[in-house]
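Here's a structure for you.
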């Protein structure tokens, strides 16, 4: 008899008795009647049943070598399948801009499917290799990348993935358009999105400095569309002490030369995209006695070419490549700077301030990557649900399975709208169209969106992987790659806690103006949506969350600084959820058309969660007197029942 799980022990498998082994769900499919099918699925299901019958005639010895009987999840043109993206663009872009953008994105979606996605898998299968010596023992320090990786660089130039933001063909909408292309490109980029983030950041720094004559050539290379001339940039900040504390962790010394340039000496412990053409880095300028100013006031920003005109490294030695959990497609290295020639591009001691614009851009790219990875996983899960038969019916007909995907869908929709709001504000700021209030809001939302979407991406990736069952755990499906690469998103460019504290600094620096703008912006959007009956519950819950946030802030104002530090993470989560609730109710009010059973379903689902966790935790005493000591005792104290 067929050996089945205990809950099916009373069933028998006649196919096994006849000498043919068929997995249980395939046996069940032979007797399925009236499976609910989507459009176009009926013919596919019929072909599948025919294949099962043909499989029964296959000898057992041969069947043992066959593959698993499951349909591969697939996606088509990412742009055409992303109805939320199309709806957003249709609602917000001027008609003439929309017409041009739509045509280009449809074309780009086809290129992603036919050319770029295969290159992405090739990048994963052929990670960079470090060759320290040649066959004769000479030190060469070569980082070998695969042809697909190099082709990604060419495609990035051809598609204007950096250039689009700086050409400003569509005024303030150019930055949003660039973000949309990067969003589509990210999950198919084979990790090349990371060097693009730093390239965009470097271009932004140079532009913010007024594109000085000495950097005009570099700016042109970083923002050009010619694959032969396009440069990528690194961002070398992390040193041996590691972490985000660059003020106290930077040991690299810059020594001025007679010709006005500098020579850099130090060790860079974590340098992403080590094969880039140029880089920006921080160092401390040594005075005539060789002394350096410590702290952030001693840091200056430098620009350097990684190689000279002959292709030789610029007095740089590669110690090793990092063995990372994810983003293996990209070369991340430990480097010794042994007199690397560099140019000072910030005012002396103003390096942190000068590089801040780069950090804002790379954090926005991090948000893009987070939203893109979530969308990719859910798209695959959705397609798989239409194909996979289990326990007598398609996965899409199992209510609990669809509830799980629906909850993930709500998260990615919220993250998408938060991303679009950030890049919309950035576009206004770059074209001098942003008000002072909008600039304050942008400064606040960047760390909030980065920290929140980074956590969302990890959670969604794990949940979505589970929706494929055991296949989700198989390396050659490509699904584990998405999970591994998503895990870096809550770490790179500032961990969740570091960015939460950055949010508090933003509020303090603006003397309360940033949070006042935040609250008024949310309130105005809710007033616009209040006349829509379907949105009434979501609007009411968002208003209640705002009230709770105001009460917490009023109470926290009289508390010690430790209270706000303990509350920083939950406070940032509250800002993210409330603002996204504002975006969802506001977007729905603009009739972008959610493709769900009810017009207000997505906003309602979002607002059903705890929108203001900081107030809820405050009521529980999580930030009160002794909370920090209790936390330490719980972590380091003895454990007793």
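From the backbone N, Cα and C atoms, a Cβ is placed for every residue, glycine too.
Sharing the feature lines straight out of TrEMBL:
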DOMAIN    74-207  domain 'Adaptive response protein AidB N-terminal'
DOMAIN    235-338  domain 'Acyl-CoA oxidase/dehydrogenase middle'
DOMAIN    349-507  domain 'Acyl-CoA dehydrogenase/oxidase C-terminal'
DOMAIN    513-636  domain 'Acyl-CoA dehydrogenase 11-like C-terminal'
How many helix, strand and coil residues does the domain 'Adaptive response protein AidB N-terminal' (74-207) contain under DSSP?
91 helix, 11 strand, 32 coil
What stretch in 235-338, 349-507, 513-636 has the biggest tally of Cβ pairs under 8 Å against the domain 'Adaptive response protein AidB N-terminal' (74-207)?
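Maximum Cβ contact count belongs to 349-507.
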Using DSSP, what's the helix, strand and coil tally for the domain 'Acyl-CoA dehydrogenase 11-like C-terminal' (513-636)?
94 helix, 0 strand, 30 coil
